[in-house]
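Asks: Annotation source TrEMBL lists domain 'Methyltransferase type 11' at 75-172. Residues annotated as transmembrane segment in TrEMBL: 6-32.
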Amino acid sequence: MAFTVFILQLAVRILSLPMYLLNFLGLWGWICKKWFPYFLVRFCVMYNKQMAGKKQELFSNLQDFAGPSGKLSLLEVGCGTGTNFKFYPPGCRVTCVDPNPNFEKFLFKSIAENRHLQFERFLVAAGENMHQVADSSVDVVVCTLVLCSVENQEQMLREVCRVLRPGGAFFFIEHVADKHSTWNYFWQQVVEPAWYLVFDGCYLTRESWKALERASFSKLKLQHIQAPLSWVLVRPHVYGYAVK
């Protein structure tokens, strides 16, 4: 089976040669950063519709982690277009972090549509280096569909722990690798060389739950599910929250 995967991956790489050439020349990253927000706007409409129940369930207890003032301070890492805003409680103070500055205009459109939130700032930064955010300064950190594409999951989770106050929580929804015995995992491996380039550094075969289990949280509540999505390759998900 491994040999079959190798041969099919080679075929995918050959078919993707123009993208690999542009990537080698340093042009593909620029192109991808420009077009990806436009794709994500459309994808997130579908994703939110199909995952609304799971998001509502997960985010229903965000307010439980508010600090003594009663106002929830929330940092969203990899905020993208602001697709999670409608699930946040009224009065929530939101800071957004994303390494792609091209999301900004879409983000501010979402802010205008979600007046129940108190938006604080948008920071152009990678999740692995959020030095603009002070230690122990937020009640909750949220990331959805982010751990699949960060360069260093462990470093990002260390940053999450750094910025969370003691007793704060990290909420996540992530697509992950399927069980290794499945045909879906077989095809995840086959198409990943092209998928990674097309979808701005996204890996299909990451076992992100392992990084979450290794992180220095005092409590981790994590569930594996097959998400009710049209795109079969990204149906395997983990979601839940962890407490510092």
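Any Cβ shown, glycine's included, is placed from N, Cα and C.
Remember, TrEMBL labels are computer predictions, not curated facts.
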Asks: If we skip the immediate neighbours and take only residues 6+ beyond the ends of the transmembrane segment (6-32), which ones have a Cβ under 8 Å from one of its Cβ atoms?
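Replies: Cβ under 8 Å, 6 or more out: 189-194, 197-198, 200.
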Asks: Of the residues in the domain 'Methyltransferase type 11' (75-172), how many are helix, strand and coil by DSSP?
Replies: 27 helix, 32 strand, 39 coil
Asks: Let me know the model's mean pLDDT on the domain 'Methyltransferase type 11' (75-172).
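Replies: Looking only at the domain 'Methyltransferase type 11' (75-172), pLDDT averages out to 95.
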